[in-house]
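Down below is the structure, laid out as structure tokens.
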Amino acid sequence: MSISNITVFMPSVLTLIGIPGLEAVQCWIGIPFCAMYLIAMVGNTLLLIIIKSERSLHEPMYLFLGMLGATDIVLGTSIVPKMLGIFWFHVPEIYFDSCLLQMGFIHTFQCIESDILLAMALDRYVAICYPLRHAAIFTHRLVIQIGTAVTLRAIFLGVPCLILIKFRFHFYHTTIISHSYCEHMAIVKLAAENVRVNKIYGLFVAFTVAGFDLIFVSLSYIHIFITIFRLPQKEARLKAFNTCIAHICVFLQFYLLAFFSFFTHRFGAHVPPYIHILFSSLYLLVPPFLNPLVYGAKTKQIR
């Protein structure tokens with residue numbers, strides 16, 4: 001119900017326009033996006049089947065990899081079907097509550113993915129720096145506890161974002177979201193009310209998750225590299241480094257895309273919208289697509 005010429009009261013339906021400025025070629029953009037999604041689904045499903053069926057892979061590193069694969073499947077499925085519906089079938093409408101649900105899934109599983117990468121870095125840190133104590137420290141019970149803690153942390157950080165939007169905002173400037181999926185700041189910018197609390201909490205979550213995880217992953221690898229370079233034999237150094245290279249590749253592509261998307265969305269006023277939307281979409285699509293390929297190619301046991 002419109003209460004003025006410029007505000008809408010509690011809209012039931014929102015409209016996703018896809019990639020602003022590239023509407024004419026969105027049908028072609030959907031082809032590589034669909035291909036990446038299908039490869040991601042097949043690759044991560046195969047990873048889960050291999051890890052589950054092969055008892056020798058029931059170790060912390062591969063259990064974390066299985067968690068990462070499951071997270072990637074949910075993350076990709078949360079955005080790609082609706083995105084392709086916009087690109088190919090011109091179905092941009094989405095129910096307001098469905099939009100919030102999609103936003104919740106995206107940000108929750110992004111947080112889970114970041115935390116799993118941190119857990120994998122800590123596992124490599126203990127395995128290389130304290131090899132004799134690794135089995136005693138990283139038990140199956142600890143892996144389950146880490147998985148539970150990671151999930152609960154993501155939920156506790158993500159749910160307030162939904163509540164702050166659902167119950168604080170009643171009036172909206174427009175129902176059109178200039179994005180290809182429901183992203184927190186993209187929805188917040190629609191509101192015709194004070195959004196300062198939402199912006200502050202969004203920044204808090206971003207720096208709590210990405211900042212905390214990035215710092216501890218970086219510290220873990222600094223210690224790992226120091227330990228590796230102190231090894232007396234070249235073969236031992238290469239072997240130790242090879243056990244980390246896949247994780248380093250995944251870690252770099254995840255955080256580089258994450259920080260580019262984050263900073264351009266909040267501070268990149270001069271960055272064309274289509275550049276931001278493309279990179280933020282790739283940020284969600286590339287990790288699920290690359291993770292099984294990287295780990296499948298670089299991990300001898302999985303090959």
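Every residue, even glycine, has its Cβ placed from backbone N, Cα and C.
If you check TrEMBL, you get these features:
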type     : residues : note
DOMAIN   : 43-295   : domain 'G-protein coupled receptors family 1 profile'
TRANSMEM : 34-51    : transmembrane segment
TRANSMEM : 63-89    : transmembrane segment
TRANSMEM : 101-122  : transmembrane segment
TRANSMEM : 142-165  : transmembrane segment
TRANSMEM : 200-228  : transmembrane segment
TRANSMEM : 240-262  : transmembrane segment
TRANSMEM : 274-295  : transmembrane segment
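Residues 110, 113-114, 117, 120-121, 124, 127-128, 206, 210, 214, 217, 221, 224, 227-228, 231, 276, 279-280, 282-283, 286-287, 290-291, 294-295, 297-299 of the same chain sit 6 or more residues outside the transmembrane segment (240-262) yet have a Cβ under 8 Å from a Cβ within it.
Simply put, out of 34-51, 63-89, 101-122, 142-165, 274-295, 101-122 has the most Cβ pairs sitting under 8 Å from the transmembrane segment (200-228).
In this chain, the transmembrane segment (274-295) lies in contact with the transmembrane segment (34-51); the count of Cβ pairs under 8 Å, excluding pairs fewer than 6 apart in sequence, is at least 3.
Sequence-distant contacts of the transmembrane segment (101-122) (same chain, six or more residues past either end, CB-CB distance under 8 Å): 61, 64-65, 67-68, 71-72, 74-75, 78-79, 82, 94, 146, 150-151, 153-155, 157-159, 161-162, 181-184, 187, 205, 209-210, 213, 216-217, 220-221, 247, 250-251, 254, 258, 284, 287. Non-local neighbours of the transmembrane segment (274-295) in the same chain are 18-22, 29, 33, 36-37, 39-40, 43-44, 46-47, 65, 68-69, 72-73, 75-76, 79-80, 83, 106, 110, 113, 178-181, 183, 246, 249-250, 253-254, 257-258, 260-261, 264-265, 268, 302; each lies 6+ residues outside the stretch with a CB under 8 Å from one of its CB atoms.
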